[in-house]
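Pulled from Swiss-Prot:
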type	residues	note
BINDING	Gly78, Asn109	anthranilate 1 binding site
BINDING	Gly78, 81-82, Thr86, 88-91, 106-114, Ser118	5-phospho-alpha-D-ribose 1-diphosphate binding site
BINDING	Ser90, Glu224	Mg(2+) 1 binding site
BINDING	Arg164	anthranilate 2 binding site
BINDING	Asp223, Glu224	Mg(2+) 2 binding site
Amino acid sequence: MNHRLSALVNGGFLSENEANKLMHDMMSGFLTDAEVAASLSILAHRGETAEEMTGFVKAMRQNAAPMERALDVVDTCGTGGDGLSTFNISTAAAIVRSAAGAKIAKHGNRSVSSKSGSADVLECLGIHIQSTPEETRRQIQEKNMGFLFAPLYHSSMKQVAAVRKQLGFRTVFNLLGPLCHPMQAKKQIIGVYSKEKAKLMAEALAPLEPEHVLFVCGEDGLDELTITANSYVIELKKDVMTEYTLNPEDFGLQKGYLSEIQVQSPEESAKLIQNILNHQTEGAPLHITALNAGAALYVAGKSESLMAGTLKAIETIKNGAAKEQLARLKQKTREEEIYA
């Protein structure tokens, strides 16, 4: 038995270095499926430590496909797993904030447990998702937004894919995904399904020199800034961590209902997003998109506050800029035509 796994089995905790090596063993295929399943099950049962998480993140970043990190980008990504079947809020918000001037490197995947993953809905919107790293950089430079399809950058995850599917419950990989952006984005909005895990992820990311990151969790269980209740926020700005609660009504946004933002398929999600960007819908769908887009504009340094960012996002939708941005993102480059 792998000695690091043995330590877990015997109730021990791993140092950052030990966790790093255990993750490398998983990613390299050195562990058997039974050993991977045992490791993930033990961690899920007792909970991961921040030190272990930092070691895991470093290993996953080291195993990811290399990509130049010169661009000043913002990512919005979530752990998923909230089970609330909402439309792809962070994807809609990404389009809005890219229309407002922020450079977005959207990291995502197809759906695993939700009704619609970010890759699924972008395809339904007619946006190419499987671009090369070079093409993605050009998209970000020229259109302010590019999509980083996770399987293209984290191919070593195939070593644990079958085990994760068989286990059928949340594992540490749900938490690691948002922390392992291929461009190692220093500015992020990370949605988390619980306050406890948000705090854990913030503590794990802090030693890795983030510039400005918001970890957000709705009191309704949504892994976004929500419109139906208050939201819990951990703001990590360089080495300063601040915790606070946001009430959407403080932003002049009327609280809505989950039923107003729930969908049953990627196609339904895409249709709602189009209506939002075309300013053909009001209420909760528009407000939750603007709230999350505004948060990223704040993190990107395009707005002085969350309030100012939210107002800017609403104006970006109302003046037609978001609609125009969607049309730009749909336009294929010559390279995309070749690989389509």
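Just so you know, glycine gets a Cβ as well, placed from its N, Cα and C.
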> Using Cα-Cα distances with a 10 Å cut-off, which of the binding-site residues His107, Asn109, Arg110, Arg164 are near Asp223 (Mg(2+) 2 binding site)?
Replying inline: none
> Which number gives the other C-beta atoms within 10 angstroms of the C-beta of Glu224 (Mg(2+) 1 binding site), all protein chains shown included?
Replying inline: 27
>> I need the nearest neighbour of Thr86 (5-phospho-alpha-D-ribose 1-diphosphate binding site) among the binding-site residues Gly78, Asn109, Arg164, Glu224, using C-alpha distances.
In response: Glu224
>> Within 10 Å of Gly78 (anthranilate 1 binding site) (Cα to Cα), which of the binding-site residues Ser90, Arg110, Arg164, Glu224 do you find?
In response: Ser90, Glu224
> What three-state class does DSSP give Asp223 (Mg(2+) 2 binding site)?
Replying inline: coil
>> Whole-number answer please: how many Å between the C-alpha atoms of Ser90 (5-phospho-alpha-D-ribose 1-diphosphate binding site) and Arg164 (anthranilate 2 binding site)?
In response: 24
>> Taking every protein chain in this structure into account, which of the binding-site residues His107, Arg164 has the most other Cβ atoms within 10 Å of its Cβ?
In response: His107
>> Validating a neighbour-count step here. Other CB atoms within 10 A of the CB of Gly78 (anthranilate 1 binding site): how many?
In response: 25
> Per DSSP, Arg164 (anthranilate 2 binding site) is which: helix, strand or coil?
Replying inline: helix
>> Cα-Cα, whole number of Å: Arg164 (anthranilate 2 binding site) versus Arg110 (5-phospho-alpha-D-ribose 1-diphosphate binding site)?
In response: 15
